Amino acid sequence: TIPVILIIAYTLLVAAGSIFAPAWSSWMKDLVDEKSLGSYFGKRNRIVGFASLSSMLIAGFLLDLFKKVNPYVGFVVVFIIAMLARFTSAYLLKLQHEPPFKSHKSYYFTLWEFIKLMPHSNFGRFTAFVNLFMFSVAIAGPFFAVYMLKHLGLSYSKFTLVSLASSITSLLSMPYWGKLGDKYGNLKVLKITGFMIPLIPLIWASTSLMSKSTAFYFLFFIEAFSGTLWAGFNIASSNFIYDAVTRQKIAICVTYYNILNSLSVFAGATIGGYLASYNLLKDIPAGNIIQVFLLSGILRSLFALIILPSIKEVKKVERFDFRKIRKTLLSPIDSLLFQISYKIRNPRG
């Protein structure tokens with residue numbers, strides 16, 4: 001009974017967030033200057049990301065604190081704090097300015113009409129690309145943790161380090177990607193990251209041929225680089241919507257975009273789970289998972305090669321200089337490596 005209640009409660013939580021998303025996107029379209037979208041959301045996402053990371057660490061500390069007394073009390077305390085934070089957020093949101101908006105029947109169109117026009121619309125092709133790309137990502141998504149814990153046998157501390165490497169570089173690099181998107185266009189950022197992200201699962205697959213200790217260090221740096229790439233992809237794909245869609249239609253376009261994206265992720269995860277139950281690479285360690293990684297990487301590459309070239313930039317941008325991308329790609333990793341080396345040299349610092 002309790003698991004069923006938990007599933008229902010979590011479903012309602014996700015549904016409430018999904019209802020809120022289109023309205024929030026429309027509101028941001030009104031408030032944020034189009035010329036500084038990337039810069040704004042880069043800084044905002046970094047702040048939100050660090051706040052989320054901090055809250056998870058605090059929640060973990062509280063759960064450990066109450067573990068010896070009563071673990072259920074710890075969860076109650078964490079949920080009460082989360083509830084109070086939500087109420088505070090809602091109150092602060094109520095104080096914000098909302099520009100006037102007049103709706104009209106011509107702004108509305110059905111999901112089926114949207115789907116039919118996708119091949120003929122720039123935003124439609126963009127939506128198709130992101131949906132198919134995320135479908136490919138979801139095929140392998142559930143198995144990275146399984147691969148690290150079960151096949152590589154990583155301890156929870158090492159597993160956490162690999163996961164944090166991606167999260168930290170993602171947060172550090174977002175403002176850089178945002179500025180690049182403002183200057184050179186979000187489509188340029190999408191192309192850079194969209195053609196490089198497919199390499200990540202292919203590189204993961206190669207670790208099956210390494211020793212487990214070597215694989216850990218290798219994955220740590222790969223995930224640090226992956227976090228940087230995903231930060232660019234996520235912020236560019238979000239901001240491209242603001243560039244490509246008018247204020248009057250952004251709410252409904254975001255709604256349909258999210259619906260199709262959710263269906264794509266669900267389909268990808270389902271197919272990935274089915275494929276992982278069959279091992280076609282029996283001569284390779286963890287072959288059932290490796291084949292899923294390979295398929296995910298190949299499909300990502302195919303969709304990027306086929307669809308990305310058909311999408312057009314919708315705003316005036318400066319000519320791109322690839323040499324300037326180095327700072328965005330490597331600065332977060334350089335910062336992470338500096339912090340690690342500093343801690344090693346100064347363990348008490």
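Quick reminder: no glycine exception, Cβ is built from N, Cα and C everywhere.
According to TrEMBL, the protein carries these features:
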type	residues	note
TRANSMEM	6-27	transmembrane segment
TRANSMEM	47-66	transmembrane segment
TRANSMEM	72-93	transmembrane segment
DOMAIN	117-349	domain 'Major facilitator superfamily (MFS) profile'
TRANSMEM	126-147	transmembrane segment
TRANSMEM	159-177	transmembrane segment
TRANSMEM	189-210	transmembrane segment
TRANSMEM	216-242	transmembrane segment
TRANSMEM	254-277	transmembrane segment
TRANSMEM	289-311	transmembrane segment
Spatial neighbours of the transmembrane segment (47-66) not adjacent in sequence (6+ beyond its ends, CB under 8 Å) are 73-75, 77-78, 167, 170-171, 174
Grab the same-chain neighbours of the transmembrane segment (6-27) for me: Cβ-Cβ under 8 Å, and only residues 6 or more beyond its ends, written as numbers and ranges.
98, 101, 241-242, 247, 250-252, 254-255, 258, 262
Stretch-averaged pLDDT - the domain 'Major facilitator superfamily (MFS) profile' (117-349)
86
